[in-house]
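*Asks:* One structure, pasted below without further comment.
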Amino acid sequence: MHSAITTTAAQTKLLNCPAPAKLNLFLHITGRREDGYHLLQSVFQLIDRCDTLDFEIRDDGIIKRENEVAGVPEESDLVIRAARLLQRHAELKLGVNIRLHKRLPMGGGVGGGSSDAATTLMALNHLWQCNLDKNDLMQLGLQLGADVPFFIFGQNAFVEGIGEQMEAVTTPNQWFVVIEPGVHVPTPTIFSAKELTRNTKPVKITDFSNAAKVEWKNDLQAVACALHPTIADAINWLKQYEINQGDAKMTGSGSCVFCAFPNEDAATKILQQVPHHWTSWIAKALQQHPINLSNEFLG
Ligand code: C5P
């Protein structure tokens with residue numbers, strides 16, 4: 001489903017790269033730091049639904065987004081901020097034209113903006129020949145947002161801290177039905193709600209094989225559902241098709257909701273029944289970020 005990574009021969013000037021989405025298979029809030037950021041535990045799952053980005057190197061130092069993206073002014077686009085951050089960090093005189101083909105919802109909890117930024121850092125690391133290694137890029141990514149390092153890490157992960165500590169985990173090769181309830185949920189609003197449960201008991205990585213998945217909740221879900229009842233409606237609709245109790249839930253700070261199915265056929269059958277007032281799609285679990293499949297991108 002994702003586009004191939006295409007590079008020109010010899011001296012690479014052009015790149016076309018995918019930026020995959022993620023789903024949070026669960027999300028527990030275990031505390032709050034003094035700076036307001038929350039400590040969390042989550043399993044981040046890469047899926048094959050992607051934005052795509054085109055990069056064309058330029059030698060005048062200018063960083064420019066070439067296309068309009070509804071709802072994302074160029075100046076505040078995480079993609080542009082990522083390119084500027086790397087350019088400053090590497091003290092480069094090169095620039096880039098970027099086209100961003102948006103397919104992932106914004107304010108949807110599937111990490112679209114963070115993944116776009118991560119892809120930008122990896123692609124420009126390669127195009128500009130910065131040769132930063134994965135850890136350096138992850139550090140830079142963290143300055144752009146708590147979810148960005150995960151997409152550079154590039155494997156499904158058990159994530160802790162504010163989202164920057166991660167350990168690779170193997171997750172089932174399943175398919176997901178994802179519903180976009182049509183509301184944009186600003187992440188800070190959800191995290192700052194006073195009703196938010198902030199002390200869910202931490203789990204250990206060894207619990208994954210044993211813990212009943214029904215305990216794997218998304219602690220942000222209740223707050224988002226109270227703000228936008230359509231999110232609760234979408235979860236309840238999916239719940240009637242759950243194979244394991246507790247599977248249908250929200251991802252990240254919302255608003256997308258999802259449910260896991262064992263294969264494409266099972267997911268397609270449910271997709272065909274989703275009420276038409278919601279946008280919906282299916283996606284396959286990925287084991288690796290598509291950029292990671294090619295070793296050229298990280299120094
Ligand atoms: O880092 P990012 O820009 O994705 O986070 C957006 C907002 O979400 C932060 O400003 C903060 O209010 C909240 N947040 C949080 N704890 C996290 C991640 C995000 O409180 N671990």
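The backbone N, Cα and C atoms fix where each Cβ goes, glycine too.
Pasting the feature list from TrEMBL:
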type	residues	note
ACT_SITE	K22	active site
DOMAIN	78-155	domain 'GHMP kinase N-terminal'
BINDING	P105, M106, G107, G108, G109, V110, G111, G112, G113, S114, S115	ATP binding site
ACT_SITE	D147	active site
DOMAIN	207-278	domain 'GHMP kinase C-terminal'
*Asks:* Non-local Cβ contacts of S115 (ATP binding site) (under 8 Å, 6 or more apart, same chain)?
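*Replies:* For S115 (ATP binding site), the qualifying residues are A19, P20, A21, K22, C50, D51, L104, F151.
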*Asks:* Taking a cut-off of under 6 Å between Cβ and any atom of ligand 1, tell me which of the recorded positions K22, G107, G109 pass.
*Replies:* none
*Asks:* Using a 10 Å radius around its CB, how many other CB atoms surround G107 (ATP binding site)?
*Replies:* 20
*Asks:* Quick check for the class: what is the C-alpha distance, in angstrom and rounded, between G109 (ATP binding site) and D147 (active site)?
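*Replies:* If we compare the Cα positions of G109 (ATP binding site) and D147 (active site), the gap is 10 Å.
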*Asks:* Other residues with Cβ within 8 Å of the Cβ centroid of P105, M106, G107, G108, G109, V110, G111, G112, G113, S114, S115 at the ATP site?
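*Replies:* What remains near the Cβ centre is A21, L104, G252.
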*Asks:* If you skip the near sequence neighbours and keep only those at least six away, which residues in the chain come within under 8 angstroms of G111 (ATP binding site), Cβ to Cβ?
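*Replies:* Same-chain residues close to G111 (ATP binding site) (Cβ under 8 Å, separated by 6 or more) are A21, K22, F44, L104, D147, F150, F151, G252.
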*Asks:* Around P105 (ATP binding site), how many other C-beta atoms are within 10 angstroms of its C-beta?
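*Replies:* Taking every protein chain into account, the count is 21.
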*Asks:* State the three-class DSSP label for K22 (active site), counting H, G and I as helix, E and B as strand, and everything else as coil.
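*Replies:* DSSP call for K22 (active site): strand.
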*Asks:* Determine the Cβ neighbour count for G109 (ATP binding site): the number of other Cβ atoms within 10 Å of its Cβ.
*Replies:* 31
